[in-house]
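Novice: Before I ask anything, here is the structure I am working with.
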């Protein structure tokens, strides 16, 4: 039966999945992190503002490739995992990523019209003067679908699948609790991408609860004499490094008054693209004026 851990699965182990983790890291950097960059650097004549941008096609590819890789990762687990939960999570993931595709496409295209990500929707100069004022409500609805509903339906299933996979990454053999060189090489790019995912997606609460759940599971399994295998160590250490990177990022921008206004409250984690439109865009404009 699906979701039942078989006795013969309990002590199975699997080698480090270099191919899958490499594909994950590559497509995350190219298709997710790279999509807004591709939209900005490619000539506007190739992708008019009333048509999908290059970044949108990157996003479409991401929405197809990532669920496939997640399913392959689950298939390689040494334990029989709850398939129904995995399938529902994949469906939710695709729905959320697709909702995000539409909202993010419009929001990023607005940059060419002067939209500033470090400001709220109503504070943006190109938005607050719209007539009738009900149009502003429509843009706020678009922002809600992009930044809240889309992100929730995208990232919650994503982290849930990673955690489900993580539950099967334990072994009683201490010699198998070590990472190969390939894993160490991938850990940096992987951790840096998770930093981008958490900060740009504004999902620190989801990330930190997932990390705490991982820590609790590690301590619980340790009492049973089980340790993480190479895949579990790779995922666990990547999350640890991600937390360090987030702390450095927040400390660096701690006294930024403008970003503080955009991100009020106890949890202050600015988005990288808000930082870009606030500081880097101004820097580029100053260079062009010289």
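Here, residue 1 is simply the first one shown, and the rest follow in order.
From the backbone N, Cα and C atoms, a Cβ is placed for every residue, glycine too.
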Novice: Which range, 232-254, 255-277, does TrEMBL list as transmembrane segment?
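Specialist: So the range that TrEMBL calls transmembrane segment is 232-254.
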Novice: Taking 86-103, 104-121 as the choices, which stretch does TrEMBL tie to transmembrane segment?
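Specialist: In TrEMBL, residues 86-103 carry the label transmembrane segment.
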Novice: Mind checking which residues reach the transmembrane segment (86-103)? Cβ under 8 Å, same chain, six or more beyond either end.
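Specialist: Long-range Cβ neighbours of the transmembrane segment (86-103): 56, 59-60, 62-63, 66-67, 70-71, 74, 142-143, 145-147, 149-158, 160-161, 164.
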Novice: What residues elsewhere in the chain lie close to the transmembrane segment (57-74), defined as a C-beta under 8 angstroms and at least 6 residues from its ends?
Specialist: 17, 20, 23-24, 27, 30-32, 34-35, 38, 81, 83, 86, 90, 93-94, 97-98, 100-101, 104-105, 158, 161, 164-165
